[in-house]
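Per TrEMBL, the features are:
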- Asp27: active site, proton donor (ACT_SITE)
- Asp29: active site, proton donor (ACT_SITE)
- Asp27, Asp29, Asp245: Mg(2+) binding site (BINDING)
- Lys220: substrate binding site (BINDING)
Amino acid sequence: MAASKCSRLNGELSRRFLASVDTVLFDCDGVLWRGDEAIPGAPDLINGLKRANKRVFFLTNNSTKTRSMYAEKLGRLGFKAEPEEVFGTAYCTAIYLRDIARLKGKVYLIGGRALSEEFGAAGIPHLGCGADHVTGTQKDWASVQGDSDVKAVVVGFDEHFSYMKLNRALQYLQDPSCLFIATNTDTRLPLEGGRAIPGTGCLVRAVETAAHRKAQVIGKPSSFLYDCVVKDCGLDPARTVMVGDRLDTDIQMGSTCGIRTLLTLTGFSSLEDAKSYQDSGALSMVPDYYVNSVADLLPALSEERQ
């Protein structure tokens, strides 16, 4: 770990930092892009790291894309990437249900196409995708017909989230043996121009409130995405760094997993947020290093390759 927390990476410190790293784990939204615009210089950094024989993986809480969809977006924005380098919550939630929970039954899914496709690829039967409009009266809602084979409720990003979906989730979750899984709890998704939209965490909170239960979270700050990388690809924690824009997800996960952390200020969290956590002693949410943008590492990377 760094000798002191929250040090700015530049100059000689950046060069020594890159020389000490073999594997870089990147968050995506707010780190490599905002919406459909790449952060200036980010593609050059990713591609340069790979040319320098650094291993790069993409760990994202966003459940709206499959691994292949993310690889396509990365390529379209100028990043060299393969689907196998992407560890998103759509893919990792399917892996958790299949390999860890060993689910025997169906999933009631509050989520979109990407989650449905990853569940299908993992052989997990599911229902619930698409719109679910209100019909009937309150008495009908309380006795809505469910599928007796549903053994888990999964909440991810769902643009069709509705009162009826919330109600169906509640009915299933009244059975204490029904698993309750959330892809992530990010409350906002950063877009171009400093704009944002409500994130999956808003939907998760609604279901938790209705069900009087807490969801098990797959995404950061849980270590499960990291665990998936370790299982599939192997890595040396001492020579690995997590790069992210959120202190409460990316940085906290890195701290939990015992790897170094780097905050970039192009997304959700600010340097003032980090200093506040540091002053309060909440060091698991204080990065080892910070940069204004991941592109700040380009000069040091160029020198390392010479």
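Keep in mind that glycine also has a Cβ here, set from the backbone N, Cα and C atoms.
Bear in mind that the values here come from a model prediction, so they are computed numbers and not experimental data.
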For Mg(2+), residues beyond Asp27, Asp29, Asp245 with C-beta within 8 angstroms of the site's Cβ centre include exactly Cys28, Gly30, Val31, Leu32, Thr60, Pro190, Gly244, Arg246, Asp250, Thr264, Gly267, Phe268
Over all shown protein chains, what is the count of other CB atoms within 10 A of the CB belonging to Asp245 (Mg(2+) binding site)? 25
Cβ-Cβ neighbours of Lys220 (substrate binding site) (radius 10 Å): 29
How many Å separate the Cα atoms of Asp29 (active site, proton donor) and Asp245 (Mg(2+) binding site)? 8
Cβ atoms near Asp27 (active site, proton donor) (within 10 Å, other residues, all chains): 26
